[in-house]
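Chemist: Right, I'll just put the structure down here and ask away after.
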Amino acid sequence: MNDWSLDLFSHDPWWLIILKAVFALVFLLVMTLFTIWYERRVVAFMQHRKGPNMNGPFGLLQSLADGMKLMFKEDFTPKNAEKVVFMLAPFVMAIPAVTVFCVIPMAGLVPLPGGMSTPLQVTDLPVSVLFIVALASIGVYGIVLAGWSGGSTYSLLGAVRSSAQVISYEIAMGLALVGVFLYAGSLSTSEIVAAQAVPNFEIFGMRFPMWYCLMLIPSFVIYLISMVGETNRAPFDLPEAEGELVGGFHTEYSSMRFAMFFMAEYMNMITVSALATTLFLGGWHAPLPFNLIPGLDQGWWGLLWFTIKVLGFLFIFIWLRGSLPRMRYDQFMSFGWKYLIPIALVWLMAVAAFRMGNREGWFSTPAFWVVAAVILIVLIVFAFVGGKEDKSPVETVPDGPFDAFAGGFPVPPQGNQQLPELADVLVGEGEATETTTPRRAARPMPAPDRATSDQTTREEQS
């Protein structure tokens, strides 16, 4: 398929592996600090503000200043908290976000002093993508443990929301990635990048590489939606909805423990963006027309293209936060289970059928296209005609008294409805009277020329 092989990682000495691990960690931390500043500046631009611009050139040191401020905040632990779990929860969330980056290829073979060359990737596995998905699912344990151990109702509700959210949208994300596996023929991240560099698209007699974001558009769109839900970002930030749950699962955290949750959120954003770059945008390879220029698609140039693509995905996160309101919880879960997962399943079957049909030569037979057309028509009819619920006409609100507790919980009156205790009370201009059995004495209405019991006129004062 290509000249890339996992054997390239077996020749690195131990000190070079440690050096690459340190480089990956530093790159992730620097990108995290930059992303925080990047988000604040972009959102400020959308809101016609300047954003952070005081600390350092263009305000680039604002994130570092915020981190130093959090170091001197009080590290508070609630009285009813499970202290051991409460302290470990931030690490459980942050460590998977850092570990995932070890199997992300940031560049190809880069030259080193002494005539050496090595892939700019800590290591690679035959099942690297499954390794990433597994570690991403472990991160939710940190949220659940933080919500449970804090001893707060708001924290627990945020943790329950997060677990349901990750379970729902990780299924759709996994189904979106299967299409990439079928086309690349591998689960290795480096081999998937190499597969997208093969010139398999021809136009005007010239052959160009085709990224999977163009070949597998539905998988790409499903992954984009799922990665926003996976990272608890707006408009899917339901586990930490400020208006409903105060601060969500990290309500009880402060100081550096809160900073670890804050950094883990941005690390997860960078990780899913790097994975999207690897699987759908050709990884570290240069885009057209720069890949046609000799030297711009190899060496340390790959790190530049990789960073630019990751920043593009991060801009999508920021753009969504600055332009869309938060979804309701029922709408969010319904969208994931009723629409996203079924569409991902249907698309996966279509990709598998296309791959097998291309290999077996089915597309040359008219019978295949007839069957495909019939199936497509049935799906369209079912989507637009079948499966719809009968919408009954909206019931009008009856006038008169009503029972506020008829549905099991109190509701306010609507329209001309009246509370039962006020149904027989008639309020006039000067006083209130009851037409039937007196239930409760109503307060008399004061005459226009008289003051209320707690007020006096100027004449009475004199």
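Each residue, glycine too, has its Cβ placed from N, Cα and C.
OK, TrEMBL features for this one:
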type	residues	note
TRANSMEM	14-38	transmembrane segment
TRANSMEM	84-107	transmembrane segment
TRANSMEM	127-148	transmembrane segment
TRANSMEM	169-188	transmembrane segment
TRANSMEM	208-226	transmembrane segment
TRANSMEM	266-287	transmembrane segment
TRANSMEM	299-320	transmembrane segment
TRANSMEM	332-354	transmembrane segment
TRANSMEM	366-385	transmembrane segment
REGION	425-462	region 'Disordered'
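Describe the structural context of each listed feature in the structure shown, including burial, neighbouring residues and relevant distances.
Modeler: Nonlocal intrachain contacts for the transmembrane segment (14-38), taken as residues 6+ away from its ends with a CB within less than 8 angstroms of a stretch CB, comprise 52, 59-60, 62-64, 66-67, 98, 101-102, 104, 106, 112, 116, 118, 120-123, 263, 266-267, 269-270, 307, 310-311, 314, 318.
Outside the transmembrane segment (84-107), and at least 6 residues removed from its termini, the chain residues within Cβ reach (under 8 Å) are 21, 24-25, 27-28, 77-78, 119-125, 128, 131-132, 135-136, 138-139, 141-143, 145-146, 148-150, 189-190, 193, 252-253, 257, 260-261, 263-264, 267-268, 270-271, 274-275, 278, 283-284, 299-303, 306.
Sequence-remote contacts of a segment are chain residues at least 6 beyond its ends whose Cβ falls under 8 Å from one of its Cβ atoms, and for the transmembrane segment (169-188) they are 1, 6, 124-130, 133, 136-137, 195-196, 212, 215-216, 218-220, 222-223, 225-227, 229-230, 236, 279-280, 336, 340-341, 344-345, 347-348, 351-352, 355.
Same-chain residues lying 6+ beyond the ends of the transmembrane segment (266-287) with a Cβ under 8 Å from its Cβ atoms: 28, 31-32, 35-36, 94, 97-98, 100-101, 104-108, 120, 129, 132, 136, 139, 177, 180, 189, 192-193, 196-197, 209, 211-213, 216, 219-220, 223-224, 227, 230-231, 233, 293, 296-297, 301-303, 305-306, 309-310, 313-314, 317.
Beyond its flanks by at least six residues, the transmembrane segment (332-354) meets 164-165, 168-169, 171-172, 175-176, 178-179, 182-183, 216, 218-219, 222, 225-226, 229, 236, 238, 379 of its own chain at Cβ-Cβ distances under 8 Å.
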